[in-house]
Amino acid sequence: MRFSGRFKGYNLQKFQKDLIAGIVVGVVAIPLGMAFAIASGVEPEYGLYTVVIAGICISLFGGSKYQIGGPTGAFVPILFGIIMQYGLENLLIAGFMAGVMLVLFGLFKLGKIMKFVPKPVIVGFTAGIAVLIFTEQIANFLGLRNVEKHENFHHNMFEIVQQLGTFNVYAILTAVIGLVILLVSAKVMPKVPGALLALLISTVVAVVFFPDRMATIGSTYGEIPRHLPEFQFPELTLDKMVMLFPAALVIALLGGLESILSAMVADNMKGSKHDSNKELVGQGIANMAAPLFGGIPATGAIARTATNIKNGAVSPVSGVVHGVVVLLVLLVFAPYASHVPLASMAPILMVVAWNMSERKEVANMLRLKNADSFILAATFALTVLFDLIIGVATGLLLAFVFFIRRMSEATRIHNQETHPVLAKREDPSVSMYAIEGPLFFGSIDSLESSLLEHVQKKPKTLILLMNKVHYMDTSAEAVLGNIMNRIKRHNGKLMIVGLQSQPKELLHKTGLFHKIGKQHFFDHHDEITG
């Protein structure tokens, strides 16, 4: 049994490895799929639909052989906010639009650009999402009643505090049993899917010893149907697309970033190399397909991808198997899921939040007490207090500002008044400066002030040593042109030594090279004669 193309060299032995890995990760995905759906504000079956449809598509069309896709914790606060504001139908439309965007991102080769998001921003918003997921489950863990959900963190926390008196002892016992099983199984039986084990045991305990004493999936959302929903293309109108564009863009950007991070984790574990652009296309196809069958937005799941690799996966077939396993469980066991207490789901999500919180990274970066610490803290705080969009946008803006500041400080301008060339000329109207570092909009202020000051003192000839300037933008080019004009008004001249390829190309394109004059450019200062 051999296949060509992507599965070249594939055989029965490899399929057996993929089958085992796919079954294990499929079992892991079942409780997580339901839990993430509930946390996002939709019925649990939508999470399972997503695992099946999006999970299979991501494996078949993505750029990583080991990627496992589906609903993830990172999406929870985003999807919950969209549900609160626009409703489920519009969430599905936003997910479809995000899929189209992701395909376009991949086709326009934007995969590598997504890797440029600074680490403090990633750690900050990931930790912020973890806090939101964890705190959102406090009500289910304690079995609180009549807790209304709000878009803002502080409103939700105030609501929980107000309803603390409605706690349910049976729900707390059920949640604690699930939490203990999760923690113990991770230490004692690391290869056993702890989430499924905790879900099953805590549910059985609740059904046998505390029947009808707490909220369940059935009492809250109704019975899960034993089939996929019918194919239904979303009703797209221009007004809806304009309204949902910001939400779709956030889903696309977060989904793309999360999927590439997950693929990079897989690369580190297997020594492989994923195709970022193909991964974005695969994620896009998955997010276009999932809403057609009731699925919510999906992305690469780091923990499930790692589980896939640890259990011997060798190809995308394992991801397909994982989707098929979830589908079979959905078709056979769906009615039994109505008995699962919400208190059994809460510790699963709390542990997911704890594991994704980047605690060590946060502590290490905050200890640095530098720009990265400030960016992380700002991104984290704004993600929690407002939303992911504000948090990430502010984090990126701060990172940009600090980067410009660092780069501008890296530019140095040195007066070369003792240079041998000046000593030979013995002309007091000639000055020479050596410039080091990039010349761009962030460094032009010091460039202009330094050079113009000396142009006024020695207006005849200015020699610039630029062999250590490897980048120049149009802002710096404009300053250079201004300096040249000042010198020419005094019948002087500007000479440039050691101009590198990128600045030279820029000066040619803008015409400044011709205005300065070819005869005033030198490869080495020894060539200066006039």
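Just so you know, glycine gets a Cβ as well, placed from its N, Cα and C.
What Swiss-Prot records for 19-39 (among others) is transmembrane segment.
Per Swiss-Prot, the feature transmembrane segment maps to 41-61 (among others); the stated evidence is sequence analysis.
Annotated transmembrane segment per Swiss-Prot: 68-88 (among others), in sequence order, evidence recorded as sequence analysis.
Annotation source Swiss-Prot lists transmembrane segment at 91-111 (among others).
What Swiss-Prot records for 121-141 (among others) is transmembrane segment, and it gives sequence analysis as the kind of evidence.
Swiss-Prot lists 164-184 (among others) with the feature transmembrane segment, giving sequence analysis as the kind of evidence.
According to Swiss-Prot, the transmembrane segment annotation covers 192-212 (among others), on the basis of sequence analysis.
The feature transmembrane segment is assigned by Swiss-Prot to 241-261 (among others), with sequence analysis given as support.
Taken from Swiss-Prot, the feature transmembrane segment covers 313-333 (among others). Same-chain residues lying 6+ beyond the ends of the transmembrane segment (313-333) with a Cβ under 8 Å from its Cβ atoms: 6-7, 10, 14-15, 17-19, 21-23, 25-27, 29-30, 33, 45, 48, 51-53, 55-56, 58-60, 62, 65-69, 224, 226-228, 304.
The transmembrane segment annotation in Swiss-Prot covers 384-404 (among others).
Positions annotated as domain 'STAS' by Swiss-Prot: 420-530.
Here the transmembrane segment (384-404) does not lie next to the transmembrane segment (41-61) in space: the count of CB pairs under 8 Å, restricted to residues six or more apart, is fewer than 3. Counting only same-chain residues 6+ beyond the ends of the transmembrane segment (91-111), those with a CB under 8 A from a CB of the stretch are 42, 63, 79, 82-83, 234-236, 240-241, 244-245, 247-249, 251-252, 255-256, 260, 275-292, 294-297.
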